[in-house]
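Input: a single structure, listed below in structure tokens.
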């Protein structure tokens, strides 16, 4: 999750009655409710787990010796100039009861998106809703209705296996906790969730420290995620590869491969704080102690860095992250390799399971990496380090991630594609453009597909223009797809809608800024791409109106 101020809202709210006369009137009247913004594995021994971490570290060292940091060494690129555009559905697309929220309104919205030229939509398949009633008791009925609706409208679907809670992060507009039976286990054993140095527990995702331990009623977290993904495949096997074209595997908080180092809940963190290391649950401490013992440095295994500061500090205010700080010492390198190596191992385990389940179905796999662009122009890249990305001025942390994803043929999904350096606070040393360039280069070297998202909820031409620029292969890898955040009331406002249609058209033509034809001086004629909806609505308007 890149830092955003997303104001996500629900989709079109309709009810039975009489009449909307025109599409313009319909879209102008539509109201959106404000809501809050996604093979069974055998448990490994601690020795195997530490070996995996060690292997990741050694692989990183080999890559650093073989390749020039942040450089371009291959010619891999997207083979097609067309970049399909998907649109994220609201976070509350499903009700807490697991049903499709306002299906007739959704159908009209999907009809409009189809005629904008969009390829399809993305939806979160919330663990907290689907497996709500107990272990291995899955309810996919609301999602089945959505899949059929997408098929009827000729839209493709990206489905996120959302193993995190919704609520407590930037842009979250609704609250969907982890399954009740999981929360019950957490109440018995609080160390199941990430913990910071002060002992604050974060219930938004299960700590990767217990990935391979049977802590969830006899199953390991990896087994639980695997069973969930297998259940989805069995339920939707007939749609995989034709309607459901991508499975994004949730890998951490907000679905991203990272630690919850910058939680906004209860005002814990605010931009542009460096965040804090999340390695103080008993399982992470045990792993750290084992790694320190193996390195012959027992004292290094008692906890994270003592001088790494607090959530809302700047790098220069700490001993660890300052210009010539502890991050660049022998101890700092040991700790950061362990911390980031654990995260890579976590992603490796879940994606290996996902690959075994979805291979041969025709659906692609993707994994999301957070766009942490603040303090990027410092030597230590503090905010990235606390999130688990060992990326500094001297080390390319995204290349290892890209290679891990490439190993399983998983698309790297990255955000902040619409952000410009000039729009950011200079005091925060931000560089979203530099970060995007680095990630594009890493995916090019690793020969892995790169997909993108926007971080901010924006509809202006400048943001779209930046996405068009970053979608091309001028620097590093080109985008294989782009997912726009998010479908809501503002998207359907005439000017915003026209900008989206223009953007989709440009992306379909390889990023060229071709102008849409106009029919009036206001440049807001929506009939160009969605004209047929007017005819459809004329038959249905007796059945729909605002609540």
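Note that Cβ sites are derived from N, Cα and C of the backbone, with glycine treated the same way.
Residues or ranges marked as active site, proton donor in TrEMBL: 256.
Under the heading active site, proton acceptor, TrEMBL lists 453. Residue 453 (active site, proton acceptor): 24 other CB atoms within 10 A of its CB, across all protein chains.
Among the features that TrEMBL reports, substrate binding site is placed at 124, 164, 172, 368, 373, 415, 454, 455, 486. Neighbours of residue 454 (substrate binding site), defined as other CB atoms within 10 A of its CB across all chains, total 26.
Sparsest Cβ environment among the binding-site residues 373, 486 (other Cβ atoms counted within 10 Å): 486. The two recorded residues, residue 373 (substrate binding site) and residue 453 (active site, proton acceptor), have Cα atoms 14 Å apart. The two recorded residues, residue 454 (substrate binding site) and residue 256 (active site, proton donor), have Cα atoms 14 Å apart. With respect to their backbone Cα atoms, residue 256 (active site, proton donor) and residue 486 (substrate binding site) stand 17 Å from each other.
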